[in-house]
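K.L.:
Below you will find the structure I want to go over with you.
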Ligand code: SAH
């Protein structure tokens with residue numbers, strides 16, 4: 001293969017920067033209670049603050065159950081604003097909304113809220129940038145700026161839940177039902193913070209967002225020890241593995257972490273996860289024209305997955321600026337799907353929500369946008385129109 005763009009090194013250790021200010025969402029409940037006691041307040045104020053935070057209340061004046069004289073002090077001490085919206089971009093009649101957030105140190109991340117008739121999904125970022133260096137991914141090409149704190153990750157989901165509850169998205173007030181870690185970053189390279197985030201997403205209100213475990217999807221390039229750790233935690237969240245190639249030779253190039261953990265090891269770890277949860281994991285596969293979309297690779301993938309508790313989610317490549325690569329043409333996509341299904345592997349093609357605002361998978365590259373470079377509208381095939389496959393954009 002001679003079409004790889006910039007070859008970047010794999011980066012696991014995030015650069016250390018100044019920490020974001022202390023936030024309630026980074027603390028355990030006991031720590032939060034101790035923190036308010038230190039401020040001379042009764043411990044239960046921590047619970048009141050938590051209720052406001054997870055309900056998306058940010059204005060201290062609305063926290064009328066707190067004494068007026070201490071609202072400002074308490075919110076400054078435990079609910080500092082960590083995510084400043086720089087801009088929203090909408091698509092699909094407003095039902096897809098991408099938000100660019102500025103963090104305390106100027107780092108930028110994006111999240112994308114997608115409303116469907118039956119659910120609302122937010123795609124959140126776990127790192128500013130990404131160190132995994134996948135050559136077809138805009139974020140991967142931007143390198144790793146830093147890990148996000150738990151409160152910075154949780155805040156994206158809380159903001160999405162509030163946007164739904166407040167009726168900011170067309171369709172009337174609704175509920176955030178799903179979270180996918182498919183924004184910027186490799187969630188399993190920021191394990192401790194992502195673990196804390198999972199707790200906050202799954203804990204019932206008022207101490208969390210109360211999402212169902214299966215409605216939360218952790219997507220990974222295949223950090224095998226972290227998949228194993230997640231398995232031991234006993235969480236029944238949904239696991240997605242970004243495979244993109246069935247053979248080590250090609251995967252070494254498309255997903256450079258493969259040089260460390262091979263296809264067999266990654267699938268072995270995912271199998272163990274599925275055995276523990278009793279549910280299928282998802283294989284993400286971006287179809288790239290003439291790179292990984294050949295019929296023989298479909299057959300290889302089918303053979304690899306036929307006896308596994310896996311489901312394939314094909315994503316027609318969203319071309320990133322400067323990339324020589326393109327999405328597979330529709331006939332190749334159809335052939336690929338047919339071969340996987342013939343092998344007995346459940347297969348869907350993902351829709352392309354948000355591609356016209358660069359909000360689709362692999363297009364999040366906030367760094368470009370502050371420099372004043374306008375986002376590029378990339379035409380992508382509307383697979384759900386052309387292929388009668390029951391397109392879906394994330395796993396339920
Ligand atoms: N680091 C994690 C999560 C972020 S990316 C992971 O890799 O799984 C979410 C998904 O989008 C991954 O499956 C990723 O491989 C895919 N993706 C990245 N760039 C893409 C692109 N240009 N077109 C289509 N999918 C892409």
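Backbone N, Cα and C define each Cβ position, glycine as well.
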K.L.:
What does TrEMBL list, out of 177, 219, 328, as binding the same S-adenosyl-L-methionine as 185, 186, 242, 243, 244, 318?
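P.N.:
So, going by the record in TrEMBL, that would be 219.
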K.L.:
Distance between residue 137 ([4Fe-4S] cluster binding site) and residue 318 (S-adenosyl-L-methionine binding site) at the Cα atoms, whole Å?
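P.N.:
That comes out at 9 Å between the alpha carbons.
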K.L.:
Can you give me the Cα-Cα distance between residue 134 ([4Fe-4S] cluster binding site) and residue 244 (S-adenosyl-L-methionine binding site) in Å, rounded to a whole number?
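P.N.:
Checking the Cα atoms of residue 134 ([4Fe-4S] cluster binding site) and residue 244 (S-adenosyl-L-methionine binding site) gives a distance of 10 Å.
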K.L.:
Could you state the CA-to-CA distance between residue 110 (active site, proton acceptor) and residue 130 ([4Fe-4S] cluster binding site) to the nearest Å?
P.N.:
13
K.L.:
On the Cα atoms of 185, 186, 219, 242, 243, 244, 318, which are listed as binding S-adenosyl-L-methionine, what is the maximum pairwise distance in Å?
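P.N.:
So the binding residues stretch over 18 Å, Cα to Cα.
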